[in-house]
């Protein structure tokens, strides 16, 4: 039997041991970088892209690095004399080990040949230390919840860890010479020339006219699909996912915050099988229906490349972590769809809906860029458009539109005239209005709406504006 007093003492002992652990660092690498910068000031621009002052473990080294930066910002050179003089004027020379330590740094660094490698060592150690710090903060948050629910704590933990991951790849960003960019661009153009693919450079939408306007759904893009209720925004987004799943091998990931997975699957079977969805929902199927559905089921089971997550009220961090997992397990994704954006939640921003939507929008855009896949997010529209005579949506009709309009690369609205005009000449016709396209034209294309199949198809009727 383990007695409470022993356990308490043992815990206290372990706590003291943990406190004695020294976080990972490399004083030698830090000294080599600082000494190298005194030898060759021109190395500063390269080094500063890899490390910042806070990456240095030693406080004196942090102070020295900061002083170097300030001297260079003022246009002064960095050497033993200028650095020691500047530190002395600010009363910091004693804190960094006096003139003798600066002289030692300079003396013990014979060259700057490996200065970037040393900077990388400093950065790596700093990231690991930050991981330890964040892990401790997460543990403390678990012990002292301050009234926060587990969902909020998980969101805090995930976002804290993700911030470290974002910093990890900082050195990969920054200016590139036009020669490098031009070489990459010409290579891309050559690939397109050799495999034109009817002008589709992204994910084929399955709709000819939409492909002509967009060249497909492009990697890294945030795509907003918006419409008033009953226009078919979920159906349209699902059709894009279905078409992508049939045309490509990599998985399609669907986050359905509004409908359960079973309803999504019924719609998918109706669409792909061309079977009336009302008969599927009620089970009133004939032999032909079963035959059509059996063929579809066999194809879906053979490909097995559609994932549906019907969890409700997901946070951006949850969406991101789950998408990453599916991406990692399948070595890639074709497309991600979120239905719909306004049902997502950010617990820490729940008191400010505008900031909450802005964070959701920013995270989805970041996810698209990180995984290099198109992310489709469905959105509601403001009711105010119902007061207009022309009820075709425009960008400003997006609910909480500011951040959505800014972050989106492609915005598509759905308008069906028959919803507002019972005797419309355009029954069964849907207008897909491209309100924004960062790298292409805006305008309108038409699709045929087959609601009984939960499906949009290519439009073969007369064109109209």
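Every residue number used here counts from 1 along the chain in the order it is shown.
Cβ coordinates are placed from backbone N, Cα and C, and glycine is handled just like the others.
Here the structure is a predicted model, which means the values were calculated and not measured.
Look at Swiss-Prot and you will find 196-463 tagged as domain 'SF4 helicase', backed by sequence analysis. Per-residue confidence over the domain 'SF4 helicase' (196-463) averages out at a pLDDT of 87.
The Cβ of residue 230 (ATP binding site) has 9 other Cβ atoms within 10 Å, all protein chains considered. In the three-state DSSP assignment, the secondary structure recorded for residue 230 (ATP binding site) is coil. Here Swiss-Prot flags 227, 228, 229, 230, 231, 232, 233, 234 as ATP binding site, drawing on sequence analysis.
Note: the ATP site is recorded as 227, 228, 229, 230, 231, 232, 233, 234; in the same chain, 414 also have Cβ atoms within 8 Å of that site's Cβ centroid. Cβ neighbours within 10 Å of residue 231 (ATP binding site), excluding its own Cβ and spanning all shown chains: 21.
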